[in-house]
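Trainee: One structure, as structure tokens, below. Some questions next.
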Amino acid sequence: MPLEVAVRDACSTIGEGPHWDEASQTLYYVDIEDKSVSRWNSATGGVQKIKLEKTIGFVIPSKKGDVIIGLGQTIARLEWDTKTVTVLHEVDQDKSTRFNDAKCDPRGRIWAGTMGLEKQVAVVEKEQGSLYCIDTDGTIKKHLDKVSISNGLAWSADNKTMYYIDSIPRCVYAFDYDIETGTPSNQRVIVQLPPDTEKTLGYPDGMAIDSEGKLWVACFYGGRVTRFDPETGKQIQTVEVPGLRTTSLCFGGKDYDDMFVTCSRHGCTLDELSKFPLSGSIFRVTGLGIKGCPAVMYEG
């Protein structure tokens with residue numbers, strides 16, 4: 001697949017959470033350990049960046065015109081122009097965790113998960129995280145606990161299935177989903193990465209769904225994004241990227257036929273950087289012949 005660098009050296013630590021904003025034709029993303037959130041203008045190539053005081057796990061635009069961020073252990077509103085931060089909720093106060101990935105369901109509720117703090121890259125105290133839902137009325141509810149590294153989320157086109165990744169067990173889960181109440185049930189494994197693929201597929205990280213209902217999973221330590229059939233759990237396509245620590249992806253562009261892929265530079269050895277000098281950049285993949293689904297903003 002044709003691949004180009006969209007934003008060279010976008011992130012100095014862990015590039016994550018890409019979210020394509022259709023109205024402005026901009027790409028939001030975070031640099032977790034740099035404690036920053038940025039947006040890239042696809043027309044001008046310009047990047048605006050805001051630095052804060054805690055790790056930032058995700059960024060999602062809100063219908064009110066601001067953005068919602070996972071700031072340390074809090075969910076907060078960030079008013080972009082004034083850089084004003086308003087904390088909405090604090091979670092996991094008895095644990096050493098931080099927010100990681102998040103996404104909105106088709107009704108505009110935010111689903112956001114936490115993870116244990118890393119002792120070293122991809123090494124955490126297991127089962128310290130949780131998965132939360134922030135409803136459009138602003139209330140928050142915990143739906144899952146004993147999560148190790150909460151990661152990618154997606155929903156089927158008929159709104160009846162929610163997909164979810166916990167990176168450490170190397171699983172993609174499916175849940176039956178009640179779109180009216182925002183309630184998941186009947187958790188099951190639909191993709192289990194085999195033990196002998198740890199050096200090729202690494203750990204499942206961020207995720208997106210395409211218009212054909214197939215799941216695209218960023219493979220941390222795999223240097224690739226892999227497409228899976230959720231019905232069979234089988235790999236059906238792979239896109240290699242020049243960043244070994246591939247973290248996440250989203251679809252964007254005017255027709256949603258571009259794929260934007262983030263990766264991490266955090267913890268890279270000199271040898272790894274010599275092989276993957278573009279680590280920390282954001283890549284754009286074109287020519288897939290497949291369209292993605294528009295990202296949903298927070299309706300609260």
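One is the number of the first residue shown, and numbering goes on along the chain from there.
In case you wondered, yes, glycine gets a Cβ from its N, Cα and C as well.
Heads up, here are the entries from TrEMBL:
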DOMAIN    14-264  domain 'SMP-30/Gluconolactonase/LRE-like region'
BINDING   E16, N151, D205  divalent metal cation binding site
BINDING   R98, N100, E118  substrate binding site
ACT_SITE  D205  active site, proton donor/acceptor
Trainee: Rounded to an integer, what is the Cα-Cα distance in Å between N100 (substrate binding site) and D205 (divalent metal cation binding site)?
Mentor: 10
Trainee: Quick check on the binding-site residues: of N100, N151, whose CB has the lowest count of neighbouring CB atoms inside 10 Å?
Mentor: N100
Trainee: Inside 8 A of the center formed by the CB atoms of R98, N100, E118, which other residues of the chain have their CB, for the recorded substrate site?
Mentor: I32, T55, G57, T97, F99, T114, M115, G116, L117, V124, I149
Trainee: Quick one: pull the CA-CA distance for D205 (divalent metal cation binding site) versus E118 (substrate binding site), whole Å only.
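Mentor: Taking the Cα atoms only, D205 (divalent metal cation binding site) lies 15 Å from E118 (substrate binding site).
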Trainee: Write down the Cα-Cα distance for N151 (divalent metal cation binding site) and R98 (substrate binding site), rounded and given in Å.
Mentor: 12
Trainee: Cβ distance under 8 Å to E16 (divalent metal cation binding site), same chain, sequence separation 6 or more: which residues?
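Mentor: Listed in sequence order, they are Y29, V30, D31, I32, G57, F58, N100, D101, G206, T247, S248, T262, S264.
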Trainee: Among all chains shown, work out which of the binding-site residues E118, D205 has the most CB atoms within 10 A of its CB.
Mentor: D205
Trainee: Counting across all protein chains shown, how many other Cβ atoms sit within 10 Å of the Cβ of R98 (substrate binding site)?
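Mentor: Its Cβ shell of radius 10 Å holds 23 other Cβ atoms.
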Trainee: Cβ within 8 angstroms of the Cβ centroid of E16, N151, D205: which residues besides those meet this for the divalent metal cation site?
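Mentor: Going along the sequence, the neighbours come out as G17, N100, D101, I149, G152, I165, S167, G206, A218, F220, T247, S248.
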Trainee: Please give the greatest C-alpha separation between any two of the substrate-binding residues R98, N100, E118, in angstrom, as a whole number.
Mentor: 12
